[in-house]
Amino acid sequence: MRAEGDGGLERFCSPGKGRGLRALQPFQVGDLLFSCPAYAYVLTVSERGNHCEFCFARKEGLSKCGRCKQAFYCNVECQREDWPMHKLECSPMVVFGENWNPSETVRLTARILAKQKIHPERTPSEKLLAVKEFESHLDKLDNEKRDLIQSDIAALHHFYSKHLEFPDNDSLVVLFAQVNCNGFTIEDEELSHLGSAIFPDVALMNHSCCPNVIVTYKGTLAEVRAVQEIHPGEEVFTSYIDLLYPTEDRNDRLRDSYFFTCECQECTTKDKDKAKVEIRKLNDPPKAETIRDMVRYARNVIEEFRRAKHYKSPSELLEICELSQEKMSCVFEDSNVYMLHMMYQAMGVCLYMQDWEGALRYGQKIIQPYSKHYPLYSLNVASMWLKLGRLYMGLENKAAGERALKKAIAIMEVAHGKDHPYISEIKQEIESH
């Protein structure tokens, strides 16, 4: 039997990659290939009160759950529909109080177990790939990853034992490994984290650093649209990672999270690497060793900053960004991706501190190189135009604001589809100013 999903696509065996998704008909840029409802999903804790727990709608005046006072809903219908999942957490949140702190992965996995019990047969999210078929890469897990899974299993038992029956430890190890490899993060139009989910049919797609589709979200529905022309017989590729970085960094990330090395055209030719690690034009050009050392420093500082976010103050974080940029600028151009990474982090800190002018200054330096380094239709570029547009509008520069927001819309009409609520909201922002 040929496994066909929404017309025009089939599951097939991709040489050297295992399972994959292939087009049976042509798709133009902006065409919707398919959509997939979430099999299981969870709203991130920090977005409670901003979004409905059930449908992820973003609106004012949501009603809170009368029992736990932690979950918010559009109306009684959303609350009732969400109860089979919310009941896993409602009374435990009251009982544990401040000590209720399972990770998002644990929360999502609890919901998968509940879903499997409520709905053991195949769901509309699994037209081409069932959750139980997910790759776990169990044989490739190192001790550190196994230890992390064991601590997740302990937390699952600790917080969810009242409302869930658990399979044995080995089955839970497999399930957590599957979630780690196949889970998705749902993000909003500015790429802020909204939650985590499982979209089985979307997980069927293999990775490429020059993807021909992009995945976006409409509430808890994933939508897959073409960002390149796709011909019948061609494989459908998405990107699993941020494509800003040079080949070696991308593959380090892919090996660490997904256990493979990419061999797409971008990785084989390394065409963009030179521009991505642009070296400052000096009368006395830096030696190869100096460049190597600075790349090593850049990677270390990126990791140091990622950790520091959890415990340092905004002003300390800004200092790390500024000092590292100063040091790197002796060797790197401003358009170098390691410089851009720290500028982006600095912009984020400025936004957090409500330093709108500071955020705008960083955004203005980032946007042109971003447009060069990323693919043509990139959510990273769209979200940067969006942030810039909103900053300009807030600082009363309407003309620049409108220009930037229109650039964001041009990308989003392809990536999200012309009828996406985000696009109507942005058009509204332009009109109301």
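Glycine is no exception: its Cβ is also placed from the backbone N, Cα and C atoms.
Annotated S-adenosyl-L-methionine binding site per Swiss-Prot: Lys17, Gly18, Arg19, His137, Asn206, His207, Tyr258, Phe259, Phe260, in sequence order. In sequence order, His137, Cys181, His207, Tyr240 constitute the residues six or more apart from Tyr258 (S-adenosyl-L-methionine binding site) in its chain with CB-CB distances below 8 Å.
Mapped onto three states, the DSSP output places Cys78 (Zn(2+) 1 binding site) in helix. Around the Cβ of Cys78 (Zn(2+) 1 binding site), 20 further Cβ atoms fall within 10 Å across all displayed protein chains. Here Swiss-Prot flags Cys52, Cys55, Cys74, Cys78 as Zn(2+) 1 binding site.
In the three-state DSSP scheme, Cys68 (Zn(2+) 2 binding site) is classed as coil. Taking Cβ-Cβ distances under 8 Å and a sequence separation of 6 or more, the neighbours of Cys68 (Zn(2+) 2 binding site) in its chain are Glu89, Cys90, Ser91, Met93, Val94. The Zn(2+) 2 binding site annotation in Swiss-Prot covers Cys65, Cys68, His86, Cys90.
Annotation source Swiss-Prot lists domain 'SET' at 7-241.
Taken from Swiss-Prot, the feature zinc finger covers 52-90.
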Per DSSP, three-state class assigned to Phe260 (S-adenosyl-L-methionine binding site)
coil
Contacting positions for the zinc finger (52-90) when only residues 6+ beyond its ends and CB under 8 Å are counted
40-43, 100, 107, 110-111, 114-115, 118, 159-160, 163-164, 186, 188, 194-195, 217, 219-220
Tell me, what is the mean pLDDT of the domain 'SET' (7-241)?
98
May I ask for the distance between Cys52 (Zn(2+) 1 binding site) and Cys65 (Zn(2+) 2 binding site), taken between their Cα atoms and rounded to an integer number of Å?
11
Using DSSP and three states only, what is Cys90 (Zn(2+) 2 binding site)?
helix
Between the two most separated Cα atoms in Lys17, Gly18, Arg19, His137, Asn206, His207, Tyr258, Phe259, Phe260, the residues recorded as binding S-adenosyl-L-methionine, what distance in Å do you get?
16
List the Cα distance (Å, whole number) between Cys74 (Zn(2+) 1 binding site) and Cys65 (Zn(2+) 2 binding site).
11
